[in-house]
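Asks: So TrEMBL says this about it:
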TRANSMEM  6-24  transmembrane segment
DOMAIN    10-380  domain 'Cation/H+ exchanger transmembrane'
TRANSMEM  31-49  transmembrane segment
TRANSMEM  55-74  transmembrane segment
TRANSMEM  86-109  transmembrane segment
TRANSMEM  115-135  transmembrane segment
TRANSMEM  147-169  transmembrane segment
TRANSMEM  189-210  transmembrane segment
TRANSMEM  217-233  transmembrane segment
TRANSMEM  269-289  transmembrane segment
TRANSMEM  295-316  transmembrane segment
TRANSMEM  328-347  transmembrane segment
TRANSMEM  359-377  transmembrane segment
């Protein structure tokens, strides 16, 4: 069957399910995911597994645009108003998720230290995509959103650092090697800085060129071209495309003229890409993996969520964030997807069998659960924080 047929099925099914779930007060992104599960190999099998893997370019593009949009929230004048507290909150919510999982696996479930610290490091990752889509769908505004978006943006960088350190410790324990702990810090920091630097350079080039573009069509073409270029460069040199595209968005919002026009042009282009991205994500969710997850998987799902909520709450209290941030930020940090799966695959290579495959199974199962309940929890948190317009008929919970 022609690949365009499958793309059309993905788009139409995603759009239909997004509309249907809105009638039962669920976020549209949940509908996209459910639609993908229905047409994927897990249930109807309309979209074969080999087709979803061949559509990776759509997922890469969507993540690039999502990161670009999140980067646009790093307006320095706006960040000054929020304060430096978001940095501490990010460090604490990521670190507590890691620490909670580490301690539980070692002392409660009696797992080996290498297995526990690799799994704990992956727990730090939070997927920004679903969270951003819920915020955009309900046009949420307020202190919670102002804190949430920078936190999910920086979470990726913090997670990479934690995983770099933990994986080095695990390798050292398993092989008795003398790998320097200094290198465990330097390597992930280097990757983060280079990714952001490439994004900064591309953002400067974009800002220079967009001054000379009058039509929205040319501005859109430039935007798409620069984001795709960033993704291509990062794939070539093993950098983080998420951080790079965030860097582009952050640079543009601070130095480019008429940033509202610049970002609104992209917003008109991305809806079908986002629908396809989340529906494909649903296609790739293997529901049968839930049968294999076991006690450790259930514990990971619950303990990581507890760590995120606790860390975000403590960080918000220390930084004197508004009460709504203290109460509800943790609920919005539950989703976990692409970065976590990627780290799980690396962890599988680090750990001996069967520990590596066990981590992969746990993370894949957790992704299914988190991606399905995460958007709903984010919606509930935004409503409880009074940051959405309750007159919208789809907002009641």
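Cβ atoms are placed via backbone N, Cα and C, with glycine included.
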Asks: Under an 8 Å Cβ to Cβ limit, what residues of the same chain, 6 or more beyond the ends of the transmembrane segment (86-109), are close to it?
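Replies: Distant Cβ neighbours of the transmembrane segment (86-109) are 79, 115-117, 119-121, 123-124, 126, 147, 150-151, 154-155, 158-159, 162, 166, 295-296, 299-300, 303-304, 306-308, 310-312, 314-316, 318-319, 321, 329-330, 333.
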Asks: For the transmembrane segment (147-169) against the transmembrane segment (31-49), do we get 3 or more Cβ-Cβ pairs below 8 Å once near-sequence pairs (under 6 apart) are dropped?
Replies: no
Asks: Taking contact to mean 3 or more CB pairs closer than 8 A (sequence separation of 6 or more), are the transmembrane segment (31-49) and the transmembrane segment (269-289) in contact?
Replies: yes
Asks: In terms of Cβ proximity under 8 Å, which residues at least six beyond the ends of the transmembrane segment (295-316) contact it?
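Replies: Counting only partners 6 or more residues beyond its ends, the transmembrane segment (295-316) has Cβ contacts under 8 Å with 85, 88-101, 104-105, 108-109, 111, 119, 123, 126, 147, 151, 325-327, 329-331, 333-334, 336, 358, 361-362, 365-366, 369-370.
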Asks: Establish whether the number of Cβ pairs under 8 Å between the transmembrane segment (359-377) and the transmembrane segment (115-135) reaches at least three, counting only pairs separated by 6 or more residues.
Replies: yes
Asks: Take a look at 6-24, 55-74, 115-135, 217-233, 269-289 and tell me which one has the most Cβ pairs under 8 Å to the transmembrane segment (328-347).
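Replies: Of the candidates 6-24, 55-74, 115-135, 217-233, 269-289, 115-135 scores highest.
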Asks: Determine which residues of the chain contact the transmembrane segment (269-289) at the Cβ level, with the cut-off under 8 Å and only residues 6 or more beyond its ends counted.
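Replies: Distal contacts: 7, 10-11, 13-15, 17-18, 29, 32-43, 47, 49, 52, 55, 58-59, 61-63, 65-66, 129-130, 133, 220, 223-224, 337, 361, 364-365, 367-368, 371.
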Asks: Counting a contact as 3 or more Cβ pairs under 8 Å, with residues at least 6 apart in sequence, do the transmembrane segment (217-233) and the transmembrane segment (55-74) touch?
Replies: yes
Asks: The transmembrane segment (6-24): which same-chain residues, six or more beyond its ends, come within Cβ distance under 8 Å?
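Replies: Here the qualifying positions are 30-32, 34-36, 38-39, 46-47, 51, 55, 58, 272, 275-276, 278-280, 282-283, 394.
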